[in-house]
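Novice: Structure provided below as structure tokens; questions to follow.
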Amino acid sequence: MDSSDHAIDLKNLKLEGLNHHQEVSITKTSESFDIFESIKNEEFEEEVYRKQTRKRLVIISVSSILLVLLILGAIIGILIPIHEKNNPVNEKYDPMIKTICNSTLYKDSCYSSIYSLKTSSSNKNPPPDSDTPKSVFMLSLQVTFNELVRVKSSILNRLIYFAINDSITHNALKVCDHVIKDAISQVNMSMSSLQSIERFSDNSVISDLMTCLSTAITDQTTCLDGLTEYKENIPPSILEETRALMENATVFTSNSLAIISNMFKIVRGFQISVNDHRRLLRVEEVRLRPNLTVAKDGSGDYRTITEAVKAMPRRSENRFFIYVKKGKYEENVFVDSDSWNLMIYGDGMKKTIVSSSLNYMDGVATFNSGTFITEGRGFIARDMGFKNKAGPAKLQAVALRSSSDRTIFHRCHFDGYQDTLYTHSNRQYYRDCTITGTIDFIFGNAAAVFQNCTIQPRQPGPGQYNTITAQSKSDPNQKTGFSIQRCRISPFGNLTAATFLGRPWNNHSTVVVMETDVQGIIDPAGWIKWAPDSEVPDTIFYAEYNNTGPGSVISRRVKWPGYRPDITEEEAEKFHVDPFIQGSRFWSPTTKQGQKA
């Protein structure tokens, strides 16, 4: 097939009601491609973590006094302290700081850190609007930013030391260095976004801020997860020392997230929704012309996907298209955080396949084991297969890791065993995909929606059982979780091992399975503990809604406090594509079609 006429069915993008209530059509213009809204944010500061003395705090007033009063009044009226209820609040703290900090999990640290920054020698003359909710939130972000910079510097020093003395510890700390750098970028982006807004009445802006801060927390837990993974092979003190080093940063990030999360709840409460949130995204046909073509036989611009990705423009605000002709590409592909708005598409999920075999047993951290890893915002993959062929004996072996925000995977196949699909962070959407694996084969802490997907547990190793999901939400205010809608859960090949819908990786693990065909391979209990001797946190949220098939019977399901066997329609709607990941914003006629260079 000629690459210039490659057919892609993304022409008329429609938001279709689950019960056929409302349908909104968004059509393509002659010179544009209806996919992601290009994401226009301030550029990340590459060396921001090295500039510890730089003062980036800019306080901008809230233009709507009425909204400020509504927020303040509502906070005072409805917020109840969560921790440390018997601790008196120091009278020296400003009333606004005390009021805002009452919405956080760690109030004392919130009070003291924000007040300390506000009254520091470098901030002796705050602007006259420094007592608004917005200014307090900005101070909280600055506190978080400063602490993450300190953590990054300490980890860098350890990297230098262990590069000489201990390669295993060095590699584990490299994951920490990478994700803490991203956490700094997420907080920095939040500060830039906050400076540019005039009011908190825009739900989409607040959702973006919540996503950034949710990701910053996920990054920090990923560092500790990586060290825990190698705790038998690294000095015993490293994990605990790093945990202690990061404690303040995690607390301050949680405080910032709690502040914006509660503002979002209040603002949303004053608005009347006119949207039908019960949506599936539907795609139809359009033709694309790629910017670059990859072909193993030399008939394209490059023979490998990696070469093509390296050739794309950096931080592009326009969609960039790479077409990969059919074939098996034995390589590990990394789409870094500067590769924005890339769409990569092939000839079919079983025709264009990226394959590799990096795995935990051979000394590669789970975070780095992905055959295909994407971190660039606005990434789209279509008609592609991603495979980790390591096999069950190699334990954790990721086929694809996505840490990208506003990611779409359409008609893709993720093939592996343990830890096949790592939905690490940010907002992700999967449509008409096939996901195959054994233990925790959909895992991570993204806000991810799976629609019309085929989820296929396969036979694991001897003595093992299957768990489809392992969702790792760690903070109650994180805007994360898995939503599985109108999918089909069925076996891949001969499956005799016990199979469960999921197990809680963290205290606030969140998974909803709705309107899905669940075959009889699912154990009647439905869900299982993380480990046989572990306690299931009461704070998880596992739910099922309106499922069908022999595996959907809930009469013998687990009796955990955090399990909801049959949530209401209203509760289920919160996990549909628009309210959960702001899906209608993903599809916009603002992205230019790629042109052959």
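Every residue gets a Cβ built from N, Cα and C, even glycine.
Automatic, uncurated: that is what TrEMBL annotation is.
Below are the features I grabbed from TrEMBL:
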ACT_SITE  Asp440  active site
DOMAIN    92-259  domain 'Pectinesterase inhibitor'
TRANSMEM  57-80  transmembrane segment
Novice: Mean pLDDT over the domain 'Pectinesterase inhibitor' (92-259): what is the value?
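Specialist: Per the prediction, mean pLDDT sits at 90 for the domain 'Pectinesterase inhibitor' (92-259).
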Novice: Restricting to the same chain and to sequence separations of six or more, state which residues have a Cβ under 8 Å from that of the residue listed as 'active site'.
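Specialist: Correct list: Gln418, Asp419, Thr467, Thr469, Ala470, Arg503, Trp505.
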Novice: On the three-state reduction of DSSP, what should I expect for Asp440 (active site)?
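Specialist: For Asp440 (active site) - judged by DSSP and reduced to three states - the answer is strand.
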